[in-house]
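Each remark here refers to the structure printed beneath this line.
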Amino acid sequence: MSALPSSEHPPVVCLLGPTASGKTAAALALAQQAPVEIISLDSALVYREMDIGTAKPTREELASVPHHLIDIIDPTDSYSAAQFVTDAERLIAEIRSRGHQPLIVGGTMLYYKALTQGLNDLPQADPAVRAKLDELAAERGWPALHAMLAEVDPVTAARLAPNDAQRIQRALEIHRLSGQPMSELLARQADGRTFTGAADQRYRVIALEPSDRAVLHARIAARYDAMLAGGFIEEVERLRRRGDLHPGLPSIRCVGYRQVWEYLDGDTDYATMRERGIVATRQLCKRQITWLRSTPERLSVDCVAPDYVQQVARLAGM
């Protein structure tokens, strides 16, 4: 049987939420109610050999329902929002052709925005420019490059942490390639873009948001401790032994991995590494919640409520 035209399909359910908000549990519960296939919306889960620190679903969970865009690239490679859009659109069509329902699950809000609102026209990544910026960062540190960014693009610099290496590098790269601040380029593109509301009709967005952020913070600390007890440091040691990975790669910049890498370099002690890993995860959580709350089409569920899974199921309508 051929797939129905897109307009005849129900909206694609997108289950979005910050780290430790219970997305996996809710998604697996939905899979018990309907023939779904999960499309991961997570920039860290794409990497092979990075299981513990990314809180990747267990083998049993992965086997219980089809998952996509997990374990698809090597840690030496990178994966972009553009690649996600291409892969997600292909997967949505393939899943529907099998008579199943696609369920997008994750917390990489940039990927969701690219899928539903389109990609921007910023310059493509330039390996030579990035290599030069990596050299500068190695010499001076990322806070120094953050200061450089503040001189040429204060708007972008103001919303980035001084150690947000990946985003600082991208903003400086765009400025070097275009001669213009990234914030101005994005503002001009937003001014010239009109949205028809089609995204609202094609996607049903369920957002897991905490009524009490302290509960989520406690979960984050407990989960990070569980990762450390479960072999996270040994996982990073195995990655280091490969010999082809370094802290400048997007994979090793993932929250948690960067902090453990620094610990294994001897730059910090265990207690400092643990604290920095928890703080970095909480900062990621804060950014994710900010993104979610700027998404007007979302249907909000309190992820610390005892019946949040049941609420998600009702809103999903599967």
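Any Cβ shown, glycine's included, is placed from N, Cα and C.
Bear in mind that the values here come from a model prediction, so they are computed numbers and not experimental data.
The range from 31-36, 61-66, 253-258 that Swiss-Prot describes as region 'Interaction with substrate tRNA' is residues 253-258.
Between the listed ranges 42-45, 126-129, 134-137, Swiss-Prot ties the annotation region 'Interaction with substrate tRNA' to 42-45. Swiss-Prot assigns the feature region 'Interaction with substrate tRNA' to residues 166-170, out of the candidate ranges 86-90, 166-170, 241-245, 296-300. According to Swiss-Prot, the feature region 'Interaction with substrate tRNA' maps to residues 286-293, out of the candidate ranges 70-77, 174-181, 286-293.
A straight line from the CA of GLY22 (ATP binding site) to the CA of THR108 (site 'Interaction with substrate tRNA') spans 15 Å. The two recorded residues, LYS23 (ATP binding site) and ARG130 (site 'Interaction with substrate tRNA'), have Cα atoms 34 Å apart. Nonlocal intrachain contacts for the region 'Interaction with substrate tRNA' (166-170), taken as residues 6+ away from its ends with a CB within less than 8 angstroms of a stretch CB, comprise 125, 130, 133-134, 137, 142, 145-146, 149, 157, 160, 182, 250, 253. Of all Cβ atoms in the shown protein chains, 21 besides its own fall within 10 Å of the Cβ of THR108 (site 'Interaction with substrate tRNA'). Compared over the recorded positions LYS23, ARG130, the count of CB atoms lying within 10 A of a residue's CB peaks at LYS23.
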